[in-house]
Ligand SMILES: O=C(O)C1=C[C@@H](OP(=O)(O)O)[C@@H](O)[C@H](O)C1
Ligand SMILES: C=C(OP(=O)(O)O)C(=O)O
């Protein structure tokens, strides 16, 4: 795609449904009693990967192409069947790690694989605790990389202090905990997104958060949960940064999930002086939701570290872009997790913005950006990573001259991204 800076940015955007919540609504309802309808489920490649894997495990899922509702017929806690083929998780870390936790509680043999990116992402972080609980797991490269083989069995509860703040690790262990003898408890160094805890509690699972720990006991049953999925703040993020950095912009984002475990980017942008406002705060699908209005802003540098990092992890590439327009030196650290996403996002962010003339330096666990600078159009690749594809497109919409973006992968989380960009930035986007 070709992108350039539009004279003005004006838009009202219904952001796509939340990806994390869509995965969970499918997986948890698959093991519930009864049928559930998930309204406004995210139709993206990652969520389709989860649906395909569950169908291969014998779960009836009606979700026609192009439909925004999926009907899942729950099989009960022990009703999954062994798949007669490998389970392909595509590009989706959430699919692979949550399914490993789920399958650890089933006496079935399962083999999980994914695309080249997913096959290079760390799996020992779930393999090791699930083994401790009593499941048998094997994987490539010394039990670290997919494909992963899992044979579940009788599990025992553990107390697990996760070395990383990861909702995928936490959720995998909690899912296994539904099947384990006794109590399972997980703590993490920073609080990660809590959609699993909210949804399992709403389905009647004996789960509670106590201080830094989340505890779960074996469930007798889960009640099917129909819900409407709120909008994804990670898909609102490109528009928040575009509007804050463009000199003549105003965007309203409708129906955005503002769960406090996800709103790190709002805190970061506010600290940078962004003009943003939350309107009509309400609740959807057991999650807080608001509309967000954001306008052209005069930005200053900030520091992002500690508990803020897991609350903004997928948005940090866009923070680097905002920092190019902010006065002073912005530092993002404690974010080594960025290196094990769909790409090494420390490296790919630094390479992408450097090509456009940014003053950005790679740190072991983040980056340092000096601003303000004028970015210049460049030939960019999303590197097959949807978040980098969107970063490149938004950066091109803020730069002088023309930018081309190849291998953008946006369909992984946001199929209508380019359409929305063309609406928000008329004249700024042209097909290849
Ligand atoms: O649980 C989830 O839905 C997710 C958790 C995060 O990953 P980690 O658990 O690896 O931090 C996040 O980056 C990912 O996009 C989705
Ligand atoms: C990291 C991401 O997803 P996953 O880990 O599920 O592949 C993401 O969507 O940015």
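Just so it is clear, glycine is given a Cβ too, placed from its N, Cα and C backbone atoms.
No curator has checked TrEMBL annotations; they are predicted automatically.
For the phosphoenolpyruvate site, TrEMBL gives 19, 93, 121, 168, 387; the one candidate out of 52, 215, 345, 347 that the record lists there too is 345. On its own chain, residue 20 (3-phosphoshikimate binding site) has 94, 167, 193, 195, 232 as residues at least 6 apart in sequence with a Cβ closer than 8 Å to its own Cβ. With respect to their backbone Cα atoms, residue 387 (phosphoenolpyruvate binding site) and residue 341 (3-phosphoshikimate binding site) stand 10 Å from each other.
If you average pLDDT over the domain 'Enolpyruvate transferase' (5-421) in this model, you get 97. The most densely surrounded of the binding-site residues 24, 121, 341 is 24 (count of other Cβ atoms within 10 A of its Cβ).
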